[in-house]
Amino acid sequence: MFINRWLFSTNHKDIGTLYLLFGAWAGMVGTALSLLIRAELGQPGTLLGDDQIYNVVVTAHAFVMIFFMVMPIMIGGFGNWLVPLMIGAPDMAFPRMNNMSFWLLPPSFLLLLASSMVEAGAGTGWTVYPPLAGNLAHAGASVDLTIFSLHLAGISSILGAINFITTIINMKPPAMSQYQTPLFVWSVLITAVLLLLALPVLAAGITMLLTDRNLNTTFFDPAGGGDPILYQHLFWFFGHPEVYILILPGFGMISHIVTYYSGKKEPFGYMGMVWAMMSIGFLGFIVWAHHMFTVGMDVDTRAYFTSATMIIAIPTGVKVFSWLATLHGGNIKWSPAMLWALGFIFLFTVGGLTGIVLANSSLDIVLHDTYYVVAHFHYVLSMGAVFAIMGGFVHWFPLFSGYTLNQTWAKIHFTIMFVGVNMTFFPQHFLGLSGMPRRYSDYPDAYTTWNTISSMGSLISLTAVMLMVFMVWEAFASKREVSTVELTSFNLEWLHGCPPPYHTFEEPVYVNLK
């Protein structure tokens with residue numbers, strides 16, 4: 001029965017499918033918001049109205065893309081679908097909690113959309129800094145609704161994290177050690193630990209902001225002995241691990257894709273890859289104040305956060321060079337998924353290099369809150385996380401659906417998207433170096449050229465999004481069945497065929513390990 005299957009589901013494959021569909025839908029909303037931003041900035045002068053409505057759009061774009069697109073697709077979609085199949089578990093450890101994790105997201109999304117519909121909306125930026133987010137600068141219910149939205153999304157992610165940690169540690173075959181699980185499983189495990197440690201701090205921060213706004217507390221108000229800088233520390237102690245939460249599952253997917261299409265039986269440097277992800281996860285928690293170089297910290301504090309941030313480049317470099325070593329000498333198959341993976345490696349590295357530039361506290365004083373920062377994090381998100389999602393989608397689409405995509409169109413889609421995102425975000429480095437500030441709806445006309453090119457690039461990306469919707473429709477309409485998939489020890493998720501039966505591994509699986 002439809003309701004029993006999709007509303008009260010306890011099946012990891014169905015819940016994974018729900019996450020993928022929800023994430024795709026939210027991605028459309030986030031894309032629409034981003035196109036509003038680029039339409040406003042395509043020429044000098046005003047299009048939408050004042051800076052408040054513009055900043056409401058910017059804030060909603062960030063929240064939708066992070067909490068309702070990337071996280072549901074990577075952790076909820078790919079994580080739910082693949083982790084049990086990869087470790088030979090019959091399902092997740094807590095199947096009903098898994099269902100609740102998903103169904104907390106639509107109400108959360110509804111609250112976020114409601115926040116923009118009441119009063120003037122939450123034009124705070126996704127950081128929601130007081131005093132701008134206080135009840136003076138943002139009177140009315142908008143910011144409160146945003147905070148409640150974040151509470152629900154946060155609970156959803158915490159429950160999901162508990163579920164994945166329990167599943168991965170406890171539901172492997174007895175003979176399988178943690179160091180025999182695939183890298184995607186490792187990446188989800190580390191991501192879940194990060195979520196579990198980071199989200200409660202965000203919850204504390206936004207709850208204090210909620211009481212400051214409504215119950216007259218003064219956690220972040222100097223008039224009552226509070227400090228707005230405390231909020232920034234709490235937010236970024238969550239916010240920096242969050243950006244690693246967004247990219248780590250992508251690392252796992254890229255490892256699988258590169259290994260598979262290089263014709264290798266395993267990735268290069270498995271243990272090094274695991275160590276690198278663990279290091280990134282640990283270091284991600286001790287670099288948060290590099291987002292706050294302009295708030296007047298001591299010089300020795302700034303020196304620490306600069307050097308600690310640069311240390312993260314080492315395990316990241318281990319991963320990049322291990323992917324290249326996996327490619328080396330392989331029988332490379334130029335499939336669409338491989339193109340996404342290669343694009344990921346190149347563009348993620350570019351984004352990482354601009355991150356190293358921003359890690360220098362003295363340089364960051366000049367570049368903070370300019371478009372250079374926007375360019376940096378969109379290279380690692382829009383061309384890191386999203387390229388990993390796209391690569392994972394075209395690679396595992398046959399597993400999820402039983403049908404194959406049209407390879408030619410998938411390659412054309414990659415090409416259009418590649419051109420589009422680079423045309424959108426590469427010029428933003430120049431804008432930032434020229435001093436164009438973030439979060440303003442208008443600019444001096446000296447910045448016109450690069451902004452116009454950037455906005456044209458966003459329209460190219462839009463055509464890519466529309467082409468992908470068509471490709472998925474075409475695949476389901478044509479019904480090309482999957483013929484064969486080459487099995488190695490590194491892609492056991494394909495063991496049961498495409499798509500796999502509703503219940504897999506119902507009996508304990510026999511594992512013969514070397």
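Cβ atoms are placed via backbone N, Cα and C, with glycine included.
Note that the structure is predicted; figures quoted are calculated from it, not measured.
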Swiss-Prot annotation: F94 and Y440 on one membrane face: no
Swiss-Prot annotation, Na(+) site containing E40, G45 - matching residue among S401, S434, S441: S441
Residue in H240, H256, H328 which Swiss-Prot records at the Cu cation site where H290, H291 also bind: H240
For E40 (Na(+) binding site): intrachain residues, at least 6 apart, with Cβ closer than 8 Å: T46, L47, L48, Y54, V57, S441
For the transmembrane segment (336-357): best-contacting stretch of 141-170, 228-261, 299-327, by Cβ pairs under 8 Å: 228-261
Residues flanking the Na(+) site, with Cβ no more than 8 Å from the Cβ centroid of E40, G45, S441 and excluding those residues themselves: L41, Q43, P44, T46, L47, L48, Y54, D442
Binding-site residues (H376, H378), the one with most neighbouring Cβ atoms at 10 Å: H376
Within-chain partners of the topological domain 'Mitochondrial intermembrane' (434-446) [C-beta distance under 8 Å, separation at least 6 from its ends]: 40-41, 44-48, 50-51, 54-55, 58, 125, 369-371, 373-374
